[in-house]
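Q: Annotations per TrEMBL:
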- B:12-35: transmembrane segment (TRANSMEM)
- B:42-59: transmembrane segment (TRANSMEM)
- B:65-87: transmembrane segment (TRANSMEM)
- B:99-122: transmembrane segment (TRANSMEM)
- B:151-168: transmembrane segment (TRANSMEM)
- B:196-221: transmembrane segment (TRANSMEM)
- B:233-260: transmembrane segment (TRANSMEM)
- B:266-287: transmembrane segment (TRANSMEM)
Amino acid sequence: MNDAPRFSKRQIIYAVVAVVWIVSPLFLDNYQTDVLNTVGLYAILALSLNVILGYGGMFHMGHAAFYAIGAYTTAILSTQFGVPTMWTMPIAGILAGVFALIVARPIIHLRGDYLLIVTIGMVEIVRIAIINDAVSSAAKFLNKGFMLLGIQDWALCEKIANASTGGPNGIFGVAAPSIFGFEINGIVNTTHYFFLITAFLAATILLFFLLERSRYGRALRYLCSDEIAAEGSGVNTSGYKLSAFVIGAFWAGMAGTLFAGKITFISPTSFTFAESVTLFMIVILGGSGYIPGVILGALLVVGLPEIFQDFQKWRMLVFGIVLVIMMVLRPQGIMPPKPPKYPIHKVDEREVTL
Amino acid sequence: MEQFFQQLTNGLAIGGIYALIALGYTLVYGVLKLINFAHGDLFTIGAFLGLSLLTAFSLTDKLGFAMGVGALVLMIVCLVGIIGILLDQAAYKPLRTSPRLSAVVSALGMSIVFSNAIMLVFGPNPQVYPHGILPTSVLHIFGLPFPVKRLLLLVTSVVLMAALYFFIQKTTIGAAIRAAAIDQDAARLMGINVNLVIMLIFFIGPALGGAAGVMVGLYYGQIKWTMGWLYGLKAFTAAILGGIGNIPGAMVGGLLLGVIESLGSAYISMAWKDAITFVVLILILIVRPTGLLGERVAEKI
């Protein structure tokens, strides 16, 4: 009786894309799969930024700071404390989230462009702290505290006292992640890592899709489209924004674990401001606030330059130009979200001034 | 005491440079309410153009420099100013009526374009300015050492700032700029050509930034394609410190920031020097977003 197709055109396209993505390592060599891994990792990171930037509407350009905190947490716990890499993942997320909570609390009320500048300052401070090995100084301080308490010959204390980010040299030898005793080495066998990344990406998409559809996600979105109205009707705007910030940071911290586990070596050069800009660009170019748009953005910004190797040198220049052209011609991104089903009634300004 | 004075004069010299760059942010922000992220890279362009012109005209000895300095600085100032106008026409003018954040992203895009263009043209390695152009002698005033180089830098920036201040405060064109900063629509109704005013500020700001670029090249002797980013952020911090949109504020903020940074790196930690600036930036935005000389204005988000 029912003639309507069971699946919409859009859903079929997504299903095809997903299938192509999953079977692609069969046809690709090690290097090409590695490029896909990088695209997947950036897609996860960009989706976590999308919670802050796309749903929350906050111009946050310091996402590399959270990512760095996650990656360094994993690297330090793995190499200096011997914790299995996958176990460090929640800790990395929580630390990044707590950091976000502390730094975002006082700055969350700032207007868009000022927030942008402050988050840039934040990512720079984090990078300088890593280069100057703030962890080592903090560990020594902590150790003095332990000594005052009289617990100095405890093995863990000694490990804590020696914890370090490695300064500008970074940390070598992060253990490859293993699941149920099965080691997934991103350098030796990129296909194994591909499935780890894909699983995490799928979980990310599902989670943020549910978040988007939830009461919380809707509230966040409407709040970002008209903050004054939301504030006026008694919505706790800074609470919503802060929680979006913490969710995004938490997820970026976990992605940091995947990154550290993938390349087994991290240094401050992996978390520069350019990294934040790349993530920002993925979200803005792809379509902020729309999950397929963000993934498309990751594919374009990270994947394309790998295909055109000669293009590497010109990459940033071209992206800069594209960014400007996009802002002039199509500021909503290549694949923006559909307008909400129940649009907010826009009051004609001329009516109000009468 | 001697170390303190050394740091103070160094801080003032570098603060003068921050102030010159900060004026570019403040002028544009005052009229367009836009943070021109690409401004720091215009400063770098000034530094690189300065180097190219210095070597092109072989103004590498003191006498040649002294004779050519006026023409050279004028040339760079004009060139960078014209690039500034082109920047506005290409990246900001089409976005005058769009949401402000689109313009900010566009500015960021232009910043990336400029810095990478410099890298592609001049290469990724640091470039060295010819030695010995600025005198290395040291004056002793009341027994305290004042390196001539620093004094020269400070005096140049103060003169440029004073010239700008009088231009804005005392001339008719300056009055037009001030009027456009207060209310563009009203200024237009009073017969002011606001587009011309905007072109003018996009000339003056980058021109001063370009001059600051040459000064940094001469003072430190080394320039790099990425340096506009850090100097830009510091100058922006200086502009906020003094109160953005406020011209004397940018001057005071620049000098103050230079001194804070210099003393901080001497007495707190050299390695954390750049972090000090960002901490200052964050603290100001949290505690007093209008800056030291800025006035509180009602904000419509």
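Even glycines carry a Cβ here, placed using N, Cα and C.
Mind running through what each feature is packed against?
A: Among residues of the same chain six or more beyond the transmembrane segment (B:12-35), those with a C-beta under 8 A of the stretch's C-beta atoms are 42-43, 92, 96, 100, 103-104, 107, 149-151, 153-154, 156-158, 160-161, 164, 177, 180-181, 184, 197-198, 201-202, 204-206, 208-209, 211-212, 215-216, 219, 231-232, 234-236, 238-239, 242, 244-247, 249-259, 261-262.
With a threshold of 8 Å between CB atoms, the same-chain residues lying at least 6 positions outside the transmembrane segment (B:233-260) that come near it are 8, 11-27, 29-30, 35, 39-40, 43, 161, 164-165, 168, 181, 276-278, 280-281, 284-285, 289-295.
If you look at the transmembrane segment (B:266-287), the same-chain residues 6 or more away from its ends with a CB under 8 A from one of its CBs are 3, 7, 230, 233-234, 236-237, 240-241, 257, 260.
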Q: Looking only at the recorded stretches B:42-59, B:99-122, B:151-168, which one has the largest tally of CB-CB distances under 8 Å to the transmembrane segment (B:196-221)?
A: B:42-59
